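Novice: This is the structure, below, for whatever I ask next.
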Amino acid sequence: MSNHDIPEENLPERSTAHGEVSVPDENPFADPGLPPHEHRIQDIDEGAARRSERTVALLFTISMLCTVGFIASYFAIPRDKSIFVFPIGHINAMNFALGLTLGVALFCIGAGAVHWARTLMSDVEIADERHAIEADPETKQKVLADFAQGAKESALGRRGLIRTTMFGALALLPLSGVFLLGGLGPKPEEKLRHTLWAKGKLLVNMNTDQPLRPADIPVGSLTFAKPDGLEESDEDFQQQIAKAALMIIRIQPENIKDKRELDWSHDGIVAYSKICTHVGCPISLYEQQTHHVLCPCHQSTFDLSDGGRVLFGPAGHALPQLHIGVNQDGFLEARGDFAEPVGPAFWERGAEK
Ligand code: FES
């Protein structure tokens with residue numbers, strides 16, 4: 001499109017043949033102004049306003065009930081109870097109840113505030129000029145006056161039901177955090193010391209669910225395993241696999257540096273806990289040339305050819321090794337449980353000293 005096609009009034013300022021700047025008489029982008037204000041039903045019908053008020057109060061009341069439910073769940077539900085929730089499967093009942101009640105409590109406070117603002121607070125449109133960042137005293141006065149006006153228009157003083165329930169919901173909600181602090185104890189004591197691994201327990205491939213033979217573990221591969229008999233459909237699957245998850249690699253026996261590691265392996269096949277000894281992330285990155293494994297959470301690096309020793313990162317101690325062998329049917333089996341607690345388990349190690 002050429003300038004000849006554009007209406008004259010829409011052309012920007014331009015130079016004339018004499019070098020003068022000509023400015024269009026009218027601003028081509030004039031402020032169209034605010035559309036006419038439309039009243040909401042709540043502005044003209046006190047009955048509708050009362051219904052909105054009750055809705056907001058109901059949401060705040062549900063929030064209060066959920067906070068009470070959160071606290072009750074914390075005390076009433078056994079910590080190791082699990083429930084089946086579709087489509088997730090078996091999950092810890094207390095975690096589910098705490099998450100659900102806290103989530104609904106927060107949602108209801110938010111939804112109540114939004115509904116209140118949309119239906120009962122003043123919705124008169126205001127246009128103001130942009131001003132300098134540094135406010136002058138008059139502007140500060142105006143801001144304070146606007147704030148007072150806003151508080152007045154929010155009807156907080158007039159809508160007693162909303163005020164009471166909102167303060168109730170906001171006052172109760174922080175209690176949830178106080179009770180969560182109780183989750184820091186008690187110490188797990190012996191619960192983390194033992195895993196499902198035991199003498200004669202077969203090593204089962206996590207992906208195929210099949211018992212593993214030495215021939216299934218080629219040099220340079222990383223295989224994840226679980227104890228035979230542990231199924232994903234089990235109620236306590238997550239709890240048990242969090243302790244028993246195993247990674248298996250095969251190293252040329254002459255490349256194994258640690259003598260005990262050699263004794264606890266089978267033909268270069270070594271099995272280590274998959275749970276990082278820093279704060280318990282599952283380790284998953286294997287470098288086959290160096291036999292190093294890396295924890296993706298904070299980059300702790302362990303040498304699986306040297307007793308799972310920590311090479312780098314915040315992990316405080318080596319990965320526990322599982323003593324393995326081969327049974328008379330040719331399957332890989334455990335020769336006992338881990339000799340030391342898996343994962344961080346700092347409380348148990350401290351008690352041994
Ligand atoms: S959990 Fe593995 S490095 Fe932190």
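Yeah, the Cβs are placed from backbone N, Cα and C, and that goes for glycine too.
No curator has checked TrEMBL annotations; they are predicted automatically.
Checked TrEMBL, it gives:
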- 1-17: compositional bias 'Basic and acidic residues' (COMPBIAS)
- 262-333: domain 'Rieske' (DOMAIN)
- 1-40: region 'Disordered' (REGION)
- 56-77: transmembrane segment (TRANSMEM)
- 97-117: transmembrane segment (TRANSMEM)
- 166-185: transmembrane segment (TRANSMEM)
Novice: Go through the chain and flag residues at least 6 beyond the ends of the transmembrane segment (97-117) whose CB is under 8 A from any CB in it; none is fine as an answer.
Specialist: 52, 55-57, 59-60, 62-64, 66-67, 69-70, 73-74, 77, 154, 162, 165-166, 169-170, 173, 176, 180
Novice: Summarise the model's confidence over the domain 'Rieske' (262-333) as a mean pLDDT value.
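Specialist: That stretch averages a pLDDT of 92.
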